[in-house]
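Engineer: Residues or ranges marked as Mg(2+) binding site by Swiss-Prot: D380, D386, E389, E390. According to Swiss-Prot, the feature domain 'B5' maps to 327-402.
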Amino acid sequence: MPKISIHEALFFELLGERCDDDTLERRLRSAKAELECSSFSVREDKEGGSLSPGGEVCDPVQRTRGQASCVREGAFDARLLKIELNDTNRPDLWSTAGLARLLRVHAGGASRAAQYRAFLSDRCTVRDSYGRCVVVDARLQTIRPFIAGFVARGTGLSEVRLWDLIQTQERLASNFGRRRCTLSLGCYRAQDICWPLAYRAVLLAEVSFTPLGMSMPLSGEQILTQHPKGREYGHLLKDYSFVPLLVDARGEVLSLIPITNSASLGAVVTGDTELFIECSGTDMCAVLVAVNSLACDLSDMGMQIEPVQITYSFDTPWGRSVTTPFYFQEKREVAHEQIDRLLGMPLPVADITEAFARMDCAVQVKQGTYVVEPAAYRNDFLHAVDLIEEVMLGRTLDRFSPQVPCSFTVGRLSDLTLLTRKIKHLLVGFGYQEMIFHYLGSAREFCTRMRCTADDLIEIENPLTESYRFVRRSIIPCLLSAELKSAHALYPHRIFEIGKVAFCSPHGEHGTCTQQSLGFLNASQEASYNEVASLVSGLLYCLKLPYQVEEAQDPRFVLGRQASICVHGSRVGIFGEIHPQVLSNWDIRMPCFAGELDVGALLP
């Protein structure tokens, strides 16, 4: 779970009051958080970086794309608070301002939603950007298509606030952005920027500028091989002919995204009064949430937020022109009876609306249904249950009386679980290594790369990202994704997973069917059809299950080198040699043999 370090004095300043550790621990429950430590300085903070002998905090500066200043030790006379968040769905709480906002509003403080609306655009309202514009190259659509940003003006940045901004950007890029893979952020000196900006796709050979931490210009290739951030994140660009470059109207480079900023426009220092903050990535919702969160944070710190217009050369979910920060969230609904049923007690309407207000959610009551409008910095309401959880947290857990369960049952492992465990032990004995994968993925992984149609794929109604839009119907794509990332390891690779798969089916209770499935893969130059057939034979022999094989025609496998497995007179699985086109789609150069079994169908 995320752990954050925040400067105590800045936190209590934004909270508007001071409180002791016990009180803070109790109030943190509304954020599903715990106070882990409250007595160390920045010198002891392993997450936030260590002090160099010269008394400067250097690690977070080197790690963050958008900063180039160092913070003097004198700014950290007060202690830091280390807080563990028990929820990964609220990146807005990973900042000092975001956490202080929740605790302040939860305690009855006024919401600043009206203050945020002054700079937020939406589908109906477009705020004036006063000529601040970013034009996006059409060629970036398949590389890193989305970008958002804003300008923040105010009093000069203090060392503490600059340090906090660095920490927030790093957490968002590393955790929310999966180490800059889907999202990265940059911060620049706005007073030196000549608008409009161009977010271009350029050849790596055309890139040349002085990056952060360097004193002389480097070529694009040199940045990826010699600069610390290039060596760490250069793999994100290696598969593309063009790389994303952000430049201003004079041709001055702001950043080679998502690697590093330039040493001129990207060198933010203490005392700066105008900042341009941008976020780029592969998922538009994630990019907008990150920008909205940072804009609200800096607004809470007293800075004036000024929008920036983003002009695309291709269609996006919100059109070709989006002025950011942009409010895109959909309203969610939950019925009163659902709240009473899940929370286990009847609640009056006034209590429920108050609970939503304490979680900074706008709510309207319409005929027994609560219509909730999420805050601009949130995008974690996926289901009515999420809204009910907000009511629970808004009321605080102390106001719910514990109840002793009224039923008594004796538990035992199900037959399916016992069979699953036995199969795992057998496969480990056969030399296979167990893997665990996500159940969600993209159509590209589950269909396009596998030469399959999407006819029976289950689609999530409101996915957070395109990468997790569909429920897997087979484990084999997950095994191939692991093989792609394991090409550097010694062969042979023998891996398996036993987990859930789901697909649309007219025979299912809700039009879908969920199965416990076994998937296995063998990758090596010596792998053969006979070897994987022997594995199937040995596995079913140890399970004392007679079986037959029949000719199969699955587009994922080579025709004539695949077979269906039949047990109890029914088709329960398939195995064979993965089709060369599938391997090419996954960029795998080693022959692979794989198979899949419905574990539940093996039960008598």
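Heads up, the Cβ atoms here are built off N, Cα and C, so glycines get one too.
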Engineer: Output, ordered by sequence, the same-chain residues six or more apart from D380 (Mg(2+) binding site) with a CB under 8 Å from its CB, or 'none'.
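Structural biologist: Counting only residues 6 or more apart in sequence, the Cβ neighbours of D380 (Mg(2+) binding site) under 8 Å are N89, R90, P374, D386, L464.
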Engineer: Around E390 (Mg(2+) binding site), how many other C-beta atoms are within 10 angstroms of its C-beta?
Structural biologist: 27
Engineer: Pick out which of the binding-site residues D386, E389 has the most other Cβ atoms within 10 Å of its own Cβ.
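Structural biologist: That would be E389, with the highest Cβ count within 10 Å.
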Engineer: Express the predicted model's confidence over the domain 'B5' (327-402) as a mean pLDDT, rounded to an integer.
Structural biologist: 94
Engineer: Which state, by DSSP, holds D386 (Mg(2+) binding site): helix, strand or coil?
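Structural biologist: The three-state answer is helix.
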Engineer: Around the Mg(2+) site recorded as D380, D386, E389, E390, what other same-chain residues have a C-beta within 8 angstroms of the site's C-beta center?
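Structural biologist: Same chain, not in D380, D386, E389, E390, Cβ within 8 Å: N89, F381, V385, L387, I388, L393.
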